[in-house]
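Trainee: I am attaching a structure below and will ask some questions about it afterwards.
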Amino acid sequence: MRHVAIVGSGPAGYYTAETLQKADDIAVDVIDRLPVPYGLIRTGVAPDHQSIKAVSRRYEGTALTDNVRFVGHVSVGSDVTIDELVGLYDAVILATGAPNDRPLDIPGADLGGVIGSAAFVGWYNGHPDFADLDPPLGAPGVAVIGNGNVALDVARILAKTPQEFGGSDIVAHARDALAASAVRHIQILGRRGPHQIAMTPKELGELGHLERASPRVDPADLPPEGDDAMLEPGMRKSVTHLRGFAANPVAKPVTIDFDFFAMPVAIEGDGKVQRVIVERTTLDADLRSHGTGETYAVDAGLVISCIGYQTPPIPGVPYEHGRGRFASDDGRILPGLYAVGWARRGPSGTIGTNKPDGARIGEMVLEDIGRGAGKAGRPGLDALLASRDVVPVTFRDWRRIEEAEVAAALDGNPREKFTSIEAMLQATGR
Ligand code: NAP
């Protein structure tokens, strides 16, 4: 029997498990520190994007195969160490994602009301780590830093009416706080231009169909239309949306302004954020942004920095600090230790990008471990955890949690999530 442990039950973890479980004589343990599976599908993908979240049904199919087991509420690093796992399993695959925000390294970034997207997204998605975030929504202005899809998610969620959350699984604390929000002006700050955005067309197009909010683009920021021809097709579609927003400004009570060539250089306020100082930029021949010295202020009672994520390092595991991911040779970190997904390649691509990644790392592991080295595997982990009084949450337990969440859903919504680990454990009925 061959034994493989996957640390992290998000998309990268389950796509890898899907490939591994097709092999003979293999037992795969998918370990997660939360009592609930699916990682970013549950706590990262926006609550109003249920069609993307539906992929969890596929992961459930993998989780329910005989040779795959969910080991929830077990923290690698405290309940069990990486070295112990490497001793117990033929291969250990880190699928831990990139849950930490890249730091916003400007003066004032530590003021109250300056929040990273991991925290804000975790808050509206009910991640237990961020359930108590209580973001300040009492001022009309919000600055959203970054020109990626996360910035779009954040702006859209801030702009939606309570009715527009119908059919979503946004959690009650966020639903209530957003319904009472005073936010009226959302400013998306991009340090480069419309041709350098990292926003996909479907997500950008959604901003044009909001009930009470409308996107605004300054036509002067757009390059000549003929230049769009050199863009790849997806990017061209995105830029076409921006051109549409610029050409047809619609008056609605909430505005979402795209400030291009706008680099935040400082955040100011008396104890908490009141304004962002933004420097106008130009691009050099390599399309890098440079400050022009000209600055302006954006009034904001909340700043959400959406500038990318990083994987938290694990002591003893080689790490690339510049890239915020584990150091690996295309997935192989050390003998018996691998990385997959964002933990391997950094925070880029969509959920689907993890499918070929998981398949490839799964095949690589199968080839490397051969018939296995007679390691203790599952029974070994169970004995170790029992000796430490750690009781893992099983997939059956998770389904009880899920049933309770579905039963508590508002009419038309898929679920009402538990937002604390205690409540999740209680729902297992153990
Ligand atoms: P991202 O796509 O890497 O975008 C990060 C943005 O932050 C870029 O515009 C970048 O600008 C900017 N930035 C970086 N450092 C900055 C700084 N110091 N100051 C100002 N701006 C800075 O990251 P993301 O939005 O977090 O998304 C992560 C991944 O998840 C992406 O692959 C994304 O497509 C995916 N995602 C997909 C969906 C979806 O499909 N619906 C939803 C959410 C996320 P530069 O280009 O100038 O560096």
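Glycine is treated like the rest: Cβ placed from N, Cα and C.
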Trainee: Need one residue: from A12, A109, A376, A383, the one TrEMBL lists with L40, V76, W342, G349, T350, I351 for FAD.
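Mentor: That FAD site, as TrEMBL gives it, pairs L40, V76, W342, G349, T350, I351 with A12.
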Trainee: Looking only at Cβ atoms, how many others are within 10 Å of the one on L40 (FAD binding site)?
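Mentor: I get 23 for this one.
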Trainee: If you pair up every Cα among N147, G148, N149, V150, R191, R192, E203, G349, the residues annotated as binding NADP(+), what's the maximum separation in angstrom, rounded to an integer?
Mentor: 21
Trainee: Which residues of the same chain, at least 6 positions away in sequence, have a Cβ lying under 8 Å from the Cβ of G148 (NADP(+) binding site)?
Mentor: I197, A198, M199, C306, I307, G308
Trainee: What does the structure give for the C-alpha distance between L40 (FAD binding site) and R191 (NADP(+) binding site)? Integer Å is fine.
Mentor: 27
Trainee: R191 (NADP(+) binding site) has how many other Cβ neighbours within 10 Å of its own Cβ?
Mentor: 23
Trainee: For each of the binding-site residues (N147, N149), count the other CB atoms lying within 10 A of its CB, then report the residue with the highest count.
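Mentor: Neighbour-count leader: N147.
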